[in-house]
Structures are given as C-alpha cells and as structure tokens.
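**Student:** Sharing the record's features from TrEMBL:
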TRANSMEM  B:9-30  transmembrane segment
DOMAIN    B:96-321  domain 'ABC transmembrane type-1'
TRANSMEM  B:100-123  transmembrane segment
TRANSMEM  B:135-159  transmembrane segment
TRANSMEM  B:202-219  transmembrane segment
TRANSMEM  B:256-284  transmembrane segment
TRANSMEM  B:305-328  transmembrane segment
Amino acid sequence: MADTTAIESISLDPSRRARLAEFWYYFSENRGAVIGLWIFVALVVIALLAPLIAPHLPYAQYRDATLLPPFWQDGGRAAFPLGTDAVGRDMLSRLLFGARYSLFIGVFVTTIALVGGIIIGVIAGYFGGWIDTVIMRVMDVILAFPSLLLALVLVAVLGPGLTNAMIAIALVLQPHFVRLTRAAVMSEKGREYVTAARVAGAGPLRLMFRTILPNCMAPLIVQATLSFSNAILDAAALGFLGMGAQPPTPEWGTMLAEAREFILRAWWVVTFPGLAILITVLAINLMGDGLRDALDPKLKRS
Amino acid sequence: MLRFLLGRLAVLIPTFIGVSIIAFSFIRLLPGDPVALLSGERVMSPERHAQITHELGYDRHIVIQYLDYLWGVLTGDMGTSIVTKQPVLGQFLTLFPATLELSTCAILLAVILGIPAGIFAALKRGTFFDQSIMGTALVGYSMPIFWWGLLLIILFSGILQWTPVSGRISLLYYFPSVTGFMLIDSLLSGQEGAFKSAVSHLILPTIVLATIPLAVIARQTRSAMLEVLGEDYVRTARAKGLPPFRVVGVHALRNAMIPVITTIGLQVGVLLAGAILTETIFSWPGIGKWMVDSVFRRDYPVIQAGLLMIAGIIMIVNLIVDLLYGLINPRIRY
C-alpha cells in the first residue's frame, strides 16, 4: 500500500486523485495519525448506531440497580457492563449516546466558526484598509479573554443549555479562523494567477472565494481539527460547570457534573465519562498532528 | 524601545477600549431589566424604580453612561457586588493572590518539567524516549482537566489519603494574611505544620493546572530545538569539537528558547481559564471560582468587573512578554 502511493505521489499528475494519494502518503507516515483516524471512525460508527448497540435506553432508570459497579467487580451485573449511576441508569448506554452529543458539538461549532471566520477573514484580507483594521481590532478584543471565561459569561447572558453553549464556543473560536484566512489571503492576493483572473474579468466575490480561497485551505483544515477538539473540551467543561447541556442529557461533561458527589464512593461514574472525553479529544488531536505534517509544505521531507 | 512600546500601546489601547465596551454592554444585553438586575430588588414600585434608575445614572445618554463607567474603571471604581454589597475591586484584590499563587506554582512546574522533556525528546528524536514523551504530552494536551482533577482526588485524597480534598490550608491554622500567598504567610506565622499543610493543599491543584501548559511547552521546546539543531552554526559548533552539552546548552538552547518564551507568555490565558475549572474542583478561593460562583448567583457587577480585570491582566502580561522578547533575542532591536 505505502509503496504504490509513494510512486503515485512522485508522478506529476495534477488530478485530484493524485493529490489525495499524495496526502494519504504523508498522512499515513504518521502512525499516531492513522490510529487517531481509526478511533475517530469507530466513534462516528458508535454515534450513528447508538440506538442499536446500546443495551438500555440512556434515560431508563432501574431503581433496583443504583450505583452498581462494573461487571468485573463484586456486586456488578452482566446486564450493566460498566455499572450504573446514582439513579440506576446504565453507564455504557449513556456513554454510547454521549458520543452523539460530543461529535455533534464538534461538527456544529467547527462549521459555524470555520464558515464565519472564513467569510470575515476573506473580507478583511481582500479589502484591507479600514475594514481590515476594524475587523482585526474586534478579533483582538475577543482573543483578549480566556475562551472558557468568555463562553461562560456568554452562556450566562444567553441562558444555560447546549445550543447556547455551542454558539458561545463557536464565537470564541472563530477569531483564529479569521486571522489565518486573512493572512493567507493577503499573501495570495498579489500573486500572478489572481491578477490574471482579475484581468480576465472575475468579480470580487469570485476572486475572493473561487480563485484565492482554495489555495488557503491547508492551515484552515489544521485549525479546524484543533477547534473540533477544543469545542468538545469546552462544551464538556461548560456542562461540568452546569452551564452546558442540562441533566438528564447523557452529555459526558454533564454526566461528570452529576457524578461529582459520588467520587469517593463510586469511581466508575466519574472515570468513564472523562475517559470518553479524553479518548475522543486525543484521537482528534492525533489526526490533527498528522494533517499538519501532511498539509504543511514546510515540514514535508522532500 | 520606546517606539516599540508606543506601537504596542497603539494596538493595546483600542483593544482595551473594546474589552471595556464588551464588559459595559454585557449587563445591558442580559434578558430582563438591568435596573432590577443591578439593584437585586425583584419587586419595586415605579417611584423606587425611577429612583434607582436615576441613582445608577441609567436615565442619561448611553455614551455618557459608558464614559462614566470608563472613568470609574480608570479610577479604581469597579462597581459593587449585589450579593455581598462590597466593592468589587476589594474582593478581587483579596482573592487574586490565591489565583496568582496557584498559577505561579503551575507555570513553574510546567517550565521545570516541560523544557527538559522537550530538549531530551529533540535530542533523542525518533527513539522510544521521544515517542513516549511526545505521546504523554499529547495526552496531557488533550486532557479534560476537570476530570483529571477528580481522578487525582480519588487516588491521592480518597484511596491513599495523602492530600486534602479542598481549600488552601487546614482549618487548624489561623494567621493574619501578610502577602496573601499562603506558602509565604504560613512560614512567616511560625506555626508548626502550617507550611506543610499549605504545601499539601497546593500540590494537586498545581498538577492539574500545570498539565496543559506543561504539554504545550514540551511540544514547543522539542520542535524549536529540532529546528535549531539543524542550523549551520550548530554544525559548525560541533565541528569545532565543542563538547555536546556546550553545543546544546549554549549554542542551540539560547535560540530555541525564543519561541518557547512566547509560548510560556501565551499560557497566561490558558492558566486563567484553567483556574476557573481547577479552583471549582478544589474549592480554591481564587478569582476563577469567584467568577463561576458569581455567574450562578447572577452577581452581574462582579462578572462585569471580573471580565475586564482578567482580560486586562492577560493584555499586560502579553505586553511584558513582548518586551522580554527583545531582551533575549538580540536580532530584535526596537
């Protein structure tokens, strides 16, 4: 596999397939990135199939089975493989459903931050002048706050809840995309192909989004993976503080908040949700490192 | 140097004004009547409402209100807490040393462990050591620290019973606050065991808060070191026959530290955001917990002032880091 892609990557065929093969060649050189990708794929499958593979409903309370330990400990039952929480809900089922929330949060927040950041960044970079100055000062103001603090206060304004938490996090993550897009657009703007397109009669919108933007994508993709994992972490943190998803939602951070009072009595209600967050974020960050190596031409070993 | 400072201030002042506008408009963006929210009185007669509106100055033009607010901020009037009826600035100054002590210990731990780990990984590039250090760093970087704190409590406070669960010092000790730093005050008090108690309270929160900065610093040190080790002057130094520790410790490290210092400076924001979670878990009486508590108590003047002061601290530290940059990097002359 690696050999054939290696040969393809050397060929000068500019087609999309060849570029993809070249990308995969560099990406798959990083073993961690491939492991991260597989874990991420597994998480997506779990999220999609959660209703089919979960042994119980995430909200079902078994009053005869509260705070049961995992099956390998004394008192554990095979029906509840990872034990139950304080009101007798199956931990495994709640964790499986929790994957849906975390991945949805990542996708939703990253999409909003990416699309908003690209539009604002392209405008700032393309027009320059006072428009650029105003936009960048506003971004500096947002970046002056620690992201979690600003998100926390925004949620306090908007009202606690998952939707508001996601909007707040997207707003806080978006300046990074603006900065990257602006910098890339400014460096591409003066190139010959842009001038050629302008002479050929392309309008500003086409120049901005069809001519220039596709050549600025590499850093944005890397930043998007970073935002994806940050979004999951921040949303879980807000859930933990009681300002994100509200109980009884099986969101991992919210589950941890509910479990806090049992930490010294029932280790499993605290350990598993956090482990799920860690594994998800770690898988995405592993992929992000691989993407950076594969997409950043400066780091490519020629 | 002066020109550079003025250039930086030219960016910093508009940013600070923007930050103050956000803090100022925050209370007016809240759903509900700001007068009722600020006075903390839910039911009031129209006359009382008009009186408070006038007292707060809300019957004036919005721009006048903002300028008045800004003047208050610049002269140290940050408003009054709805809950405690105390001036916010005073509360902030009482609580800030706790956060500063915790953050200082955390960043020291992160630097002391992170830089050697990064250098070592770079020198042993591609080996098992490099991979394990960088693997650990990535786990640390991905860590939900609020969970990490709970795990440490389960292990060290629950199972091993080595450390206390919360607070800054055991209730057995009482002494006046001299510096606000528990480690120093407990030593000054001369009470037996007080210092030990303060240290044991500090260990777990420090580890938790240091985790992400430690991972970031180790990763940054490694990549900066790798870049520098590939430079010609390092090869020259080696070719001259200098001992390896001199090549690494003097020639390479000095230049590799430049991006690392920037990274350390950028951790201030990470530390203050992390303090929100860490202080909540360990009931650490600092500004992070204060902000979370205020959000729950709807103590809006505190949130407003806290936002402004935390952003102000971050901006000032970033300015200091930028100035330090010139001192260690002779290529930058202001």
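Including glycine, each Cβ sits where the backbone N, Cα and C put it.
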**Student:** For the transmembrane segment (B:9-30) and the transmembrane segment (B:305-328), does the number of C-beta pairs under 8 Å, pairs 6 or more apart in sequence, reach 3 or more?
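**Tutor:** These two segments touch.
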**Student:** Which of B:100-123, B:256-284, B:305-328 has the most Cβ pairs closer than 8 Å to the transmembrane segment (B:202-219)?
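**Tutor:** Going through each listed stretch, the top one turns out to be B:100-123.
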**Student:** Residues of the same chain, at least six outside the transmembrane segment (B:305-328), with any C-beta under 8 angstroms of its C-beta?
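**Tutor:** Those are 1, 4-5, 8, 12, 15-16, 19-20, 22-23, 26, 73, 78-79, 88-89, 92, 254, 257-258, 261-262, 264-266, 268-269, 272, 287, 290-291, 294, 334, in sequence order.
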**Student:** By Cβ distance under 8 Å, which residues at least 6 away from the ends of the transmembrane segment (B:100-123) in the same chain are close to it?
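**Tutor:** Result: 129-130, 133-134, 137, 180-183, 202, 205-207, 209-210, 213-226, 229, 248, 253, 256, 260, 264, 267-268, 271-272, 274-275, 278-279, 284, 286.
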